[in-house]
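Input: a single structure, listed below in structure tokens.
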Amino acid sequence: MFSRPSLCGNLGKLCRSGAVAVISAPPTTTALPVLPGQARCDGRGYHEVVGDIICPSQVRGIDHIRDPRLNKGLAFTLEERQVLGIHGLQPARFKTQEEQLQLCKIAVNRYTEPLNKYLYLSDLHDRNERLFFRFLSENIEDLMPIVYTPTVGLACQRFGLIYRRPHGLFVTFNDRGHIFDVMKNWPEPNVRAICVTDGERILGLGDLGACGMGIPVGKLALYTALAGIKPHQCLPIVVDVGTNNIDLLEDPLYVGLRQKRVVGREYDDFIDEFMEAVVKRYGQNTLIQFEDFGNHNAFRFLDKYRNNYCTFNDDIQGTAAVAVAGLYASKRITGKSLKDYTFLFAGAGEAAIGIADLVVKGMVAEGVPIDEAYSRIFMVDIDGLLTKTRKVGSLDGHKINYAKDIEPMADLEQIVSTIKPSVLIGASACAGLFTPKILKTMGENNERPIIFALSNPTSKAECTAEEAYHNTDARVIFSSGSPFPPVTVGNKTYYPGQGNNAYIFPGVGLGVICTGTHHIPDDMFLIAAQELANFVEPSDIERGSLYPPLQSIRDVSMNIAIGVTKCAYDKGLASTYPEPQDKRKWLEDQLYNFNYECSMPVTWTWPRMPYIKTRAESPLIAAIK
């Protein structure tokens, strides 16, 4: 939906080659043949410009209406309309961008169904890029639930029905051996950030295959709206290796490869080729954000690529940073540090492991020995508590770090009663997992219990905010992964904060892109967590939120980007030199401009040339002997 660009621009105007074609010519002239390999230029692409520098000789007047990057709608002035040759192609009304924003708000509010609002915003982006991103950035609290979770989940489920035109790149398993050739088809030459998914674990909805494109598209829209990263520098990609979702395979509207997922060595080789193609096409410092890969692949790829590519996994590291930021903010309420808590994670997938790993790193930063840090974290998967003595379930990968030498337990209520955690974090995608009894037990064992129900979308949350507050006598310190409405208990209304990754990844991405960072260490995500927690005001805590209002997220992103920039230069990871002294101003100078710019060609005057008398002309002597 929201990315750059929807269809090919100048590079996409290449027409068929091979057989000799004829260009239409006036009757009095001879038609010129188009030789094999030569481009026909009798058609215009959907996007007429690439990058952020427009070549005036390549753009016609009508392109300013057709191309969403150039289009301003009724905001073209009379002079612009006349000079560009588009006068008469629009009504006589002239509007400011502010008036257009008001109309957008009226239009989107006319719809009651979130998916219809999603489709309206998609259409707006396809018509007028600057207006779309300004509308999104200035109304993020209302529109983030539309362009991202929870509505994006529904959009992915209905992707085959609502698909209109491409907004990203689809690289299929059938393209193996030619992935670089597919990458070349994307018309933008200066991509700096890629968000890629294979669609195996979309939010809490499971395997959606190629329909998962909505996730990277939505993520990169937030890169621009929340951090000011230029849209043409962002590229959403789905690597389509099939799907194991039988409903999709049998769905006549499914748009992806109609086959079971490729696994094993073939799959790994395919991803290896993809990573190499990205670097070959866009350079070693291209940011590659992995999104919604299956648990069994997410950690493998992070461990495999993190020291060879500029990459991170948002489900692991982004989720971890926003959760740890909430824990840092909770210190103001409990007066305790991370080392004073006992943690219990419901779920042992990439989100839970990622949070736990960053909590360990945070405790080590507080001076706690790493073994002691691990000992304070308990974890439950589908087979029960992670223990070294249990006879069911695996302890593969990073799980082994959190397995305890105690008797196995499978019942979550029993585990909570036995371990008595002070922090209960849900990342299980199991709706209602935190029963009233579990919530009451947390309240009985802690003066201020900390409960995070982080699973997305809202329908998959372990408990609702209302359940958490009512079952703990409103003493709970609560956060969720999806938005919940305010909760009133007695005479006080609480506004629970949403621990959305969007607080983290746009700022990290901005700092990484601008510095040309080679690799992304976990230190950057701990810095991002600290910067986010520092932005929380006492008034936010008082109203029941561990996070600042979403309206301030652009300021949060800038602070995170500054922290990431400092880290990149301190650790020798940056490749952009010299190191800027005023990092805030340096970053601000590279941001996207949401406001309209003048569409008139730039003109300037020359000084009058001095008079110099020239000699008389002499006839040419053509005779050559």
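Here the Cβ of each residue, glycine as well, is placed from N, Cα and C on the backbone.
Quick look at what TrEMBL annotates:
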{"type": "ACT_SITE", "residues": "K219", "note": "active site, proton acceptor"}
{"type": "BINDING", "residues": "R201, N456, N500", "note": "(S)-malate binding site"}
{"type": "BINDING", "residues": "E291, D292, D315", "note": "divalent metal cation binding site"}
{"type": "DOMAIN", "residues": "125-306", "note": "domain 'Malic enzyme N-terminal'"}
{"type": "DOMAIN", "residues": "316-569", "note": "domain 'Malic enzyme NAD-binding'"}
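Among the recorded positions R201, K219, N500, the ones whose Cα sits within 10 Å of the Cα of D292 (divalent metal cation binding site) are R201, in sequence order. Within 10 Å of E291 (divalent metal cation binding site), judged by CA to CA distance, lie the following binding-site residues from the set R201, N456, N500: R201. Note: the Cα of D315 (divalent metal cation binding site) and the Cα of R201 ((S)-malate binding site) are spaced 10 Å from each other.
Confidence over the domain 'Malic enzyme N-terminal' (125-306), given as mean pLDDT on the 0 to 100 scale, stands at 96. When the record's (S)-malate-binding residues R201, N456, N500 are compared pairwise by CA position, the greatest distance found is 18 Å. For the divalent metal cation site, the Cβ centre of E291, D292, D315 serves as reference, and the other residues of the chain with Cβ at most 8 Å from it are T197, R201, I202, I215, F290, F293, A298, N313, D314. Its own atom aside, the Cβ of E291 (divalent metal cation binding site) has 26 Cβ atoms within 10 angstroms in the protein chains shown. Spacing of K219 (active site, proton acceptor) relative to N500 ((S)-malate binding site) is 12 Å (Cα to Cα, whole number). Around the Cβ of R201 ((S)-malate binding site), the number of neighbouring Cβ atoms within 10 Å comes to 24.
Of all Cβ atoms in the shown protein chains, 29 besides its own fall within 10 Å of the Cβ of K219 (active site, proton acceptor).
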